């Protein structure tokens, strides 16, 4: 018994050199093919969000609160996909499965940080639409540049304060079991489960804090859109109602994509014991890849100002010829 205890202590370390990310267990023979659609989605996300940020930065007509929140969303989406997808492709295509402990903690931090940042930004965008539709006369006086900076600081500060303890909760754990993570990226509970100590604090903090933060955001977003819909249906003309609803359509679409995929991924990870590991990991990978790719497309299609600027950027000659004809 003493020998076994000594062996365990010798194998235990609080800061292991590295972990091994195995990719998608059970689908190793398809890794190369699985990587192709993920690479395509990743390139779409980079191009879409990059173009969105370029337009909002360079075009002064887009220097409005709504587009400032949209630029924050695009920046966060770039953080999310760049945190996970390049490493995922390295695993799938190059078998680059090794990740250092510090690299794993960094990836874990930015993965969860961007999740809370996205949620808070969507709440800020709901507040922006509420003011624009329900109190249009107060819109410019309330959402001043100074106020928007304060909102940004509050959003980043909240997300940082929620996620920073997670890093320390993982860092305090002793690791004496396998260093192999059945995933394509470092996720809080997946890493904690490799520990030989109790992870009850990690489980409770990792479940209750996101639940409280996300539920509060969802409730406030729901209240905002309830008030928005009530105001919209009291507008006198049909054209005014359609215009108001169209400005909210893109935001509602993004909200549904983000919360549906995020909550499903989180709940299956915690309670989906009958769901195959390969399915769960595939869905988790889709969550970090698809929303960042779809968001700029949705806003590009549904937001007239963005759509016109994208067409002008991609087809400048055609637009100038059209302008000369008209």
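From the backbone N, Cα and C atoms, a Cβ is placed for every residue, glycine too.
Taken from TrEMBL, the feature transmembrane segment covers 32-56, 68-94, 106-127, 147-170, 190-207, 213-233, 245-265, 277-299. According to TrEMBL, the domain 'G-protein coupled receptors family 1 profile' annotation covers 48-299.
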Tertiary contacts of the transmembrane segment (245-265) (same chain, 6+ residues out, Cβ under 8 Å): 73, 115, 118-119, 122, 125-126, 129, 132-133, 214, 218, 221, 225, 228, 232, 280, 283-284, 286-287, 290-291, 294-295, 298-299, 301-303
Counting only residues 6 or more past its boundaries, what in the same chain has a CB within less than 8 Å of a CB in the transmembrane segment (106-127)? 66, 69-70, 72-73, 76-77, 79-80, 83-84, 87, 99, 151, 155-156, 158-160, 162-164, 166-167, 170, 185-188, 191, 210, 213-214, 217, 220-221, 224-225, 251, 254-255, 258-259, 262, 288, 291
Positions whose Cβ lies under 8 angstroms from the transmembrane segment (277-299), at least six residues beyond its ends: 24-27, 34, 38, 41-42, 44-45, 48-49, 51-52, 70, 73-74, 77-78, 80-81, 83-85, 88, 111, 118, 182-185, 187, 250, 253-254, 257-258, 261-262, 264-265, 268-269, 306
Sequence-remote contacts (6 or more beyond its ends) of the transmembrane segment (190-207), Cβ cut-off under 8 Å? 8, 12, 19, 104, 108, 165-166, 169-170, 173-183, 270
